[in-house]
Structure formats: C-alpha cells, structure tokens
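Remarks on the structure that follows.
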Amino acid sequence: MLIWHSSLSANTQDIIYWMPYGLAAITAMLALQFNRRQLIAVVIVNTFSYWLIASYLQQPLSISEAKFAFTSVCLFIPINLVLNQFINENGSTTPRAIAIYVFLLVQMASISLALNFFVADTAEFITEWFEPRPREGLVMSLAALGLSVVCIVAAFFRWAYKSTSLTIGLFFSFVASLFPLMFLDREAISSVFFTASMLIMLYAGFRASHELAYRDELTGLLGRRMLFEKLAGMSKNYSLAMVDIDHFKKFNDTYGHDVGDDVLAMVASKLDQIEGGGQVFRYGGEEFTVLFKGKKLDHAIAFLDDIREIISETPFAIRDKTSRDKGDKTARNEEAKPKNTVQITVSIGVAEKANHHANAEEVIKDADNALYKAKNKGRNIVVG
Ligand SMILES: Nc1nc2c(ncn2[C@@H]2O[C@H](COP(=O)(O)OP(=O)(O)OP(=O)(O)O)[C@@H](O)[C@H]2O)c(=O)[nH]1
C-alpha cells in the first residue's frame, strides 16, 4: 500500500479529492463552448463513476452495497465510453446528443435506485459473474476485465481508423478511467486517474478547437497558416508539392462558383487520401500543398502520381444549378440526378528541400516553378 497520500496535509488531500470534479466542470464548459457531445459524455461518465467510487467504495467490497456499486461502475465505464467513441460527433445539443444524455441519465438513475432498494436481489448474480479480486493485486473481476479489454481493443481500432486529436484523447482518457477499477484498493487511485482522464480530455478538447481555427471551412483541410507553422519547425529533409486544378477558371465560368466549390471539396477529399506520409493543406484558391516530412523527391513523386491518376479517373457529376439555388428538399432530390459528368485533372509541381534553400518560401517557389512546367507540358502531370 502506498503511503504518499496519507502523508500529505489535509488541505492537499482535499484538493486531490476535488480535482476531478473541478476539471469535469472546466471540460464541460469547454465542450459546450465548442459544441462537442463526445466530451460532455466523457464528463458525465467520469463524474458519476468517480462519485460512485467516492461514496460507496470506501468500505470493504464484501459488503453487498459496495460490491454492487463496484460491478456497476465496471460495466458503466467501458460500455458507455466505447459507445461514445463509435457514435460520430455531430454537436452537443442535437437530438442525437440529447438521446445519449438521456440514455446515460437512465443508467445512472437505475444504478442509484438499485443501490438504495434492490441490492440484495442482485447480489447473487454479481457473486456468480463479477466476483472481485480474482487475482492477487487485481480488484476487477475477470468478466469485467474481459469486457474492458474488448472495449479497449475496439476503441483502439476506432482511433486507428479515424485519428484526430479527439479520438486519441478519447482512447487514452478511457484507458485512464479503467485503472482505478483494476487497482481500486491503492490509496487515492481514483482521484489520480480520474484527474488524469479529465486532463487528457481537456487537452484533446483544446487541441481539437485549436486545429479548428487552422482548418479551411470549404474543404476541411488544414490551411496555409498551419502549413507555415509546420514548415517553420522543419529545417531539412522534406519534399513539398504544389497542386493546382486545371482550367478551373473556365470551369467556374461555365458551371458557376457553387459547382466550382464542389469540385474543390472533391479534389481536397481525394488528395487527403494520399499515402506515403503526405499531409495536405489548402494553400489558397484552387491550389493545394502536400508536405512529405523526411521524404525524398522520388518517394513524393510516386505517391503524388497515384493520387493525380485517381483524381483524373473520378468522374465529377454536374448537378442542375437552378434547382440547387432553390435550396428546398424536393428540389435537392430532383437535382440529385446528375445531368452530366466531367473530368477533373490536376497538375503538380514538386521540390525537395536542399542546402541552397535558405527557407521554406524558396522550396515553395521551386515547387511553383515545377508546377508552371507541368502546366506548360499539357497539364494532368507531375513534374519534379
Ligand atoms: N469556386 C471557387 N473558385 C475559386 C476559389 N478560389 C479561387 N477560385 C477561382 O479559381 C480560378 C483560378 O484560375 P486561374 O488561376 O486563372 O487558372 P486556371 O483556370 O485554373 O487554369 P490553369 O491553372 O492554367 O490550368 C479563378 O477563376 C478563381 O476565381 C474558391 O474558393 N471557389
């Protein structure tokens, strides 16, 4: 047993005890400000679990009330946090978000009611399936541990599939929330790990909102400001490409600015699928930049050529402009039928950072010169 906590002053112990609640309040405010339901759900799950542990689990687990509270929290955390990660974010006050809050509230109310009225009835079931302390040092039952492992693996794949600051934060905060359950009898463990869990979410929330400020609204890509911030931190060994949509002015003039915007979004989403470590930015207008950190020119050219080919082979459907302007649902359904398709191509110029480049602007200039050559060569080509 650790002795560090009991050797602290009463004031410090109090601060440690209240820390998860304080951080939960700050995270909830940030989540509302930035319209993030996933953050709010984590706050609710963590706060309730911490309260349950602080209120009911400061007594031996052999007491049926404690055993019931412990089993409840062992199920409540993994099930809800993994579901939270899998249900896509679409705002903190949407009907879907409200349904999720209600779902959580119903569970919390049921656990609280059962704790006060029906503990004896459930004791047998708990003893059979979720008997705590199956191994020395481990408090969580094997069944709950198995469930947690399944949920962690699922959450990991979710993160790997869609890696953003928030999904990374959700994963690690989930792991932190499970630690107190495994090692419940360590001193102050729930305060420490729920504090860690909330700090991770707070950090992830800040990062996600910070990134939002750097994103281009139309394409969802990072913008030029972020590109220059990244380049400022890189002194050597990278390749950089400038990508420009061919004859875009003619396209805008023929089909209108709205259709032009759709083309920009389509090209951006295709470019964003580039492999080989390329990171895509909207440089401005109909120009994009792809940055290959630590990669040679040949490597970049190979992957850029693949993506150039994919874009040129993706037919772009032109929709009826008049119905689109009306904006109502029926008109949109009618317009959903493509009138015709056109081929969109891009030209790409690439440059690799070399000793003679004094700064990133000079590398961009070389990539721009290569792009100019690509246009002169007839477009739909990569020049390095
Ligand atoms: N729809 C739309 N058009 C944009 C946006 N930003 C820039 N443009 C248009 O992009 C066009 C750029 O055209 P140019 O640079 O002249 O070249 P281009 O027509 O692409 O021809 P090449 O580059 O020589 O193949 C201009 O008509 C701009 O108005 C935008 O956000 N949305």
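Yeah, the Cβs are placed from backbone N, Cα and C, and that goes for glycine too.
The domain 'GGDEF' annotation in TrEMBL covers 236-384.
Beyond the transmembrane segment (15-32), the same-chain residues lying 6 or more positions past its ends with a Cβ under 8 Å from any Cβ of the stretch are 5, 8, 39-40, 42-43, 46-47, 50, 54, 92, 188, 190-192, 194-195, 197-199, 201-202, 205-206, 209. Sequence annotations record features per position, and here TrEMBL assigns transmembrane segment to 15-32 (among others).
The transmembrane segment feature in TrEMBL is assigned to 39-57 (among others).
If you look up TrEMBL, you'll see 69-87 (among others) marked as transmembrane segment.
Marked as transmembrane segment by TrEMBL: 99-118 (among others).
The transmembrane segment annotation in TrEMBL covers 138-157 (among others). For the transmembrane segment (138-157), same-chain residues at least 6 beyond its ends with a Cβ under 8 Å from one of its own Cβ atoms are 61, 70-71, 74-75, 77-79, 81-82, 85-86, 129-132, 170-171, 174-175, 178, 181-185.
Residues or ranges marked as transmembrane segment by TrEMBL: 164-182 (among others).
What TrEMBL records for 188-206 (among others) is transmembrane segment.
Long-range Cβ contacts of the transmembrane segment (69-87) within its own chain (Cβ-Cβ under 8 Å, at least 6 residues beyond either end) map to 38, 41-42, 45, 48-49, 52-53, 55-57, 61, 96, 100, 104, 107-108, 111, 114-115, 126, 130, 132, 139-141, 144, 147-148, 151-152, 154-155, 158-159, 167, 170-171, 173-174, 177-178, 181, 184.
Away from its own ends, the transmembrane segment (164-182) comes close to residues 36, 38-39, 42, 45-46, 49, 53, 70, 73-74, 77-78, 81-82, 84-85, 89, 138-140, 144-145, 148, 151-152, 155-156, 158, 189-190, 192-194, 196-198, 200-201, 203-205, 207-208, 211 of its chain (Cβ-Cβ under 8 Å, at least six residues beyond either end). For the transmembrane segment (188-206), the list of distant contacts is 2, 5, 13, 16-17, 19-20, 23-24, 26-27, 30-31, 34, 36, 39, 42-43, 46, 49-50, 53-54, 57, 165-166, 168-170, 172-174, 176-177, 179-180: same-chain residues at least six beyond its ends, Cβ to Cβ under 8 Å. Counting residue by residue with DSSP, the domain 'GGDEF' (236-384) contains 70 helix, 39 strand, 40 coil.
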